[in-house]
Amino acid sequence: MASYKNNNLVRLCIMGDGGVGKTAVTIQFISNHFVYYYDPTIEDSYRKQCVIDDQVYMLDILDTAGQDELTAMRDQWIRSCEGFVLVYSITSRSSFDQVQFFREQIIRVLDRDDVPIMMIGNKSDLDDERQVTYQEGKDLARCLGMSFMEVSAKSRANIEEVFNETVRSVKRREESLLKKDKSKDGKDIKKKNSIIKKLNQKVNNTKTSICKMM
């Protein structure tokens with residue numbers, strides 16, 4: 001049975017070059033529907049409640065623009081999100097080459113390199129038009145410390161898995177940070193107790209010396 005938690009809101013950002021199918025991927029996940037035609041996105045926000053590993057989450061998904069003229073807006077989008085899905089098209093070598101640019105922008109804005117990022121190669125149903133091999137995608141993701149999947153917004157292949165795994169990555173990072181905080185608190189308490197113990201010993205030794213003099 002799924003259980004609810006107060007911290008079940010997860011904010012995800014979809015990024016990538018223009019025309020790779022970011023909106024198609026998002027809408028397929030949200031509404032089980034493939035959109036053939038749509039206007040270029042500037043910024044659209046979607047919400048979906050889903051159950052992942054017996055926990056209920058509300059996903060707040062930001063579908064962003066890929067156009068160069070909107071680059072200045074990305075910093076704001078990046079700061080508002082916890083996890084990222086970087087999309088390229090397997091039929092477009094240039095969109096694949098842009099992935100590293102988007103990742104570097106995320107790292108720069110957040111000023112850390114442990115960001116949960118899923119890289120996906122969309123349009124896996126168009127294998128006869130492929131310009132980027134699966135192995136190339138896998139190798140780049142491993143090199144840059146990202147998760148990786150190929151997907152098809154049209155056939156829905158791996159769409160659910162992409163978002164589920166990205167949420168898991170976000171939660172794993174949160175748990176890791178929480179453990180570090182608890183460990184630090186524990187060390188601080190031990191250090192404080194050690195100082196108090198030494199001070200008490202010093203006071204007791206002083207009292208003993210005074211008694212001997214008397």
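Each residue's number is its place along the chain shown, starting with 1.
Every residue, even glycine, has its Cβ placed from backbone N, Cα and C.
For 16-23, 63-67, 122-125, the entry in Swiss-Prot reads GTP binding site. According to DSSP, Gly19 (GTP binding site) sits in a coil region rather than a helix or strand.
Here Swiss-Prot flags 38-46 as motif 'Effector region'. Computed over the motif 'Effector region' (38-46), the whole-number mean pLDDT of the model equals 74.
If you look up Swiss-Prot, you'll see Cys211 marked as S-geranylgeranyl cysteine.
Per Swiss-Prot, the feature cysteine methyl ester maps to Cys211.
Of all the binding-site residues listed here (Gly16, Gly19), the one with the fewest other CB atoms within 10 A of its own CB is Gly19.
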